[in-house]
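Listed in Swiss-Prot for this protein:
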type	residues	note
BINDING	Gln37, Leu38, Arg39, Ile40, Lys41, Asn69, Ser108, Lys137	4-amino-2-methyl-5-(diphosphooxymethyl)pyrimidine binding site
BINDING	Asp70, Asp89	Mg(2+) binding site
Amino acid sequence: MYQPDFPPVPLRLGLYPVVDSVAWIECLLAAGVRTIQLRIKDKRDAEVEADVVAAITLGRRYDARLFVNDYWRLAIKHQAYGVHLGQEDLKTTDLNAIRTAGLRLGVSTHDDMEIDIALAARPSYIALGHVFPTQTKQMPSAPQGLEQLARHIERLADYPTVAIGGISLKRAPAVLATGVGSIAVVSAITQAADWRAATAQLLAIAGVGDE
């Protein structure tokens, strides 16, 4: 059995929106979301520090699991709940500093080789994607689909996992049926005609996660 070498997270993190602004963080936490990620890309630390601080403050106010994507130094400095890193970030990040600071770590993966790399770091959770085609970001790999996702879940057994990539309200039940512990969503909420209704429906399907 694989054991994380970072502080643990619940096996089921529930609905896990990934958003690029503090405004979305505040709206979704107020709507009942309890696991969320701030993902701001391609800016210097100084440019995003105020947003990171505001997001972490909101996370504490709502007793939520607030992950910061990429900006691990700021996450440590301001004591976020956790950090999420991509495969390339793993090579340049001081993982021991994150661990010593008591922050949780999530790592993105796209195939078996990247899962091996993630497992070597023994993070708090492993993200598996992209499950379906996605317009949110350019992806060099092909979508994995539900069968491949289910195979990864079987391999990872009781390790906390998150599925990401093209997960819509309609697709969410089938994704969760693979046994994955959480679904990360972006456009299913941010591009919904009624984001409040979409969030409520997704929460009803995926839950808020375990305590």
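Every residue, even glycine, has its Cβ placed from backbone N, Cα and C.
Given the structure is predicted, the values throughout are model-derived calculations rather than measurements.
Location within the structure of each feature annotated in Swiss-Prot.
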| residue | record | Cβ contacts under 8 Å, 6 or more apart |
| --- | --- | --- |
| Gln37 | 4-amino-2-methyl-5-(diphosphooxymethyl)pyrimidine binding site | Tyr16, Pro17, Val18, Val19, Leu66, Phe67, Val68, Asn69, His84, Ala184 |
| Leu38 | 4-amino-2-methyl-5-(diphosphooxymethyl)pyrimidine binding site | Val19, Asp20, Val22, Ile25, Asp51, Val52, Ala55, Leu66, Phe67, Val68, Asn69 |
| Arg39 | 4-amino-2-methyl-5-(diphosphooxymethyl)pyrimidine binding site | Val18, Val19, Asp20, Asn69, Asp70, His84 |
| Ile40 | 4-amino-2-methyl-5-(diphosphooxymethyl)pyrimidine binding site | Asp20, Ser21, Val48, Asp51, Asn69, Asp70, Tyr71 |
| Lys41 | 4-amino-2-methyl-5-(diphosphooxymethyl)pyrimidine binding site | Asp20, Asn69, Asp70 |
| Asp89 | Mg(2+) binding site | Asp70, Trp72 |
| Ser108 | 4-amino-2-methyl-5-(diphosphooxymethyl)pyrimidine binding site | His84, Leu85, Gly86, Gln87, Glu114, Ala118, Ala127, Gly129, Ile164 |
Give the number of CB atoms, excluding that of Asp70 (Mg(2+) binding site) itself, located within 10 Å of its CB. 22
CB neighbours within 10 A of Asn69 (4-amino-2-methyl-5-(diphosphooxymethyl)pyrimidine binding site), counting all protein chains shown, number 20
The correct three-state DSSP answer for Ser108 (4-amino-2-methyl-5-(diphosphooxymethyl)pyrimidine binding site) is strand
